[in-house]
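Per TrEMBL, the features are:
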type: DOMAIN; residues: B:67-297; note: domain 'ABC transmembrane type-1'
type: TRANSMEM; residues: B:12-35; note: transmembrane segment
type: TRANSMEM; residues: B:69-92; note: transmembrane segment
type: TRANSMEM; residues: B:104-131; note: transmembrane segment
type: TRANSMEM; residues: B:157-176; note: transmembrane segment
type: TRANSMEM; residues: B:216-242; note: transmembrane segment
type: TRANSMEM; residues: B:276-297; note: transmembrane segment
Amino acid sequence: MSTTLERPATTPAFQQVSLTRKAKNGVATVLVWLAFLIAVVPLVWVLYTVIVNGIKRIPFSNWWTEDFGSVLSDEVGGGVLHAIVGTLEQGLICAIIAVPIGLLVSIYLVEYGRGKLAKATTFMVDILSGVPSIVAALFIYALWITTLGLPRSGFAVSLALVLLMIPVVVRSSEEMLRIVPDDLREASYALGVPKWKTIMKIVLPTAMSGIIGGIMMALARVMGETAPLLVLVGYSAYVNWNPFDGEQAALPLVMNNERVTNSLDPGSVGFDRIWGAALTLVIIIAILNLLATLLSRLLAPKKK
Amino acid sequence: MRAGDRIFQNLTTGAGIFIVALIGLIGIFLIIQAIPALRVDKVNFLFNHGWSTNDPENMAFGIADLFEVTVATSVVALIIAMPVSLGIALFLTQYAPKRLARGFAYVIDLLAAVPSIIFGLWGILVFAPAIEPFSLWVNSTFSWFPLFAPGNVQPNVRGTIFTAGIVLAVMILPIITSLSREVFERTPTPHIEGALALGATRWEVIRTTVLPFGKAGYIGASMLGLGRALGETIALAVILLIPQGRNFDWSLFDGGATFASKIAANYSEFNNATSAGAYIAAGLVLFVLTFLVNFAARSIISKKGD
């Protein structure tokens, strides 16, 4: 929309707008503003709930350095170190697998993809982004645990998260690669640089800042998933550094576990733990988003 | 072609093929795991309302109730979210000053970044008590209407499809809004200018140019929202109360379980291959359901073309 449309004309051609038309326009304006306000209310309300209720526990240093293993389930104290370790480990392993695959797919779609396979790939990425997290979890359960006979573990969770992360990475990277100007590629070809080197040395670095931003956002998104945790790993109140074996906690799992095992009256231990874990998760997501912004600024191609 | 080029092209093409194969693999693995359980199912899988997998020797599970509750919660969410998203998308593209619109759009996108378990816990611990007076009022005033009849999780009127539908509506708002906004933004400027030149009010501009142009995209976006709602797992597992005895009866004040929430709530039964198979069979139905909805949505959106 061009700027001329913001204020149509200082003197409208039609001076008389009938009352009903005016009224309809007024009603529509009010409704549209109302719709926006309706959407803002739950966001503010949810964040307010998380911050006000979560702030009670997390300023204490033991929240960040201890687990719940040494305290009773209805006892004040302990911390969520076990869950932070799990969330970060599972997220990191997921990223290590999902990022290269997602990047390769987006490079295929932008640089090589023509014809039926490219169309099918685009379509399947869209479908994959609509696969419910519980279905991804069941698939990994069927593949990893039933078929291959491997144990439930943090790594199995990572595998399910990979399915959820890939489509987000592909979408955002594809968008970034597409806005790299063709002049750059052509200049590189003209100098006799092979296509793959052009992509690796020219195209990718140019788009890198945006790609990293997209990856961070995708990572933040999958770290909040709960369904794969329920199906693919057991909850442990102790720190478990080994993602390949044994039960391992994660922040959403702490929330779910407290919900199931504790009383949830406002002010009770379970209530405080739930919102403390929620605030911790929100803080981690916020830090990832902040890092994304910082990194994209640092890596942005220099303009002269 | 140079060797490096060939390797690189094959690598990226392989990744593309992998994605296409992945969807097929998900279907195949779920089918293989579901079949043994379906074989020993004593009742009709599609039409029976009961779900009992406690005794692997005597399995009797049907998805009719899960299907109904899944559809009911999603439709309630969609009915609430569709007009609101339309309003926000119009607000962001047609009403809000350009500079503010970007910030506002970011605020709406933030809703999508909130983990769904947080929505679920907020929904049952904070939101449900807050709207309880309203729920009770609707329930008692309109109880003559089947949709608002006393449900199967009386009397506190909290963990109901009514509550779950509203929370779910909030969760699918961002996806419907952001896609509709993109479509509305692409309304050809000459159309808008033409309408304005004829003396149309802002609402008339929207009704005559923006809405007809963006209709298909908006419907596609809403269907994507529906797909998201059908598959939402933990928020519904947290909010919906499981009724004792009575099945779902198409009242909004019923409790129940959706495909996804049922699977998530009963993860402890996965220790047995046969009962795990029953849940995988339910997951397979959910997969097919979301696949079809997303497929239709993407077809509508891509047909419009950019």
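Yeah, the Cβs are placed from backbone N, Cα and C, and that goes for glycine too.
Tallying C-beta pairs under 8 angstroms between the transmembrane segment (B:157-176) and each of B:12-35, B:69-92, B:104-131, B:216-242, B:276-297 places B:69-92 first. Of the two recorded stretches, the transmembrane segment (B:216-242) lies close to the transmembrane segment (B:69-92), with three or more CB pairs under 8 Å once pairs fewer than 6 apart in sequence are set aside. No contact links the transmembrane segment (B:12-35) to the transmembrane segment (B:104-131), because fewer than 3 Cβ pairs that are 6 or more residues apart lie under 8 A. Nonlocal intrachain contacts for the transmembrane segment (B:69-92), taken as residues 6+ away from its ends with a CB within less than 8 angstroms of a stretch CB, comprise 101, 104-105, 108, 161-162, 164-166, 168-173, 176-177, 180-181, 184, 206, 210, 218, 221-222, 225-226, 229-230, 236, 240, 248, 250, 252, 254, 256-260, 286, 289.
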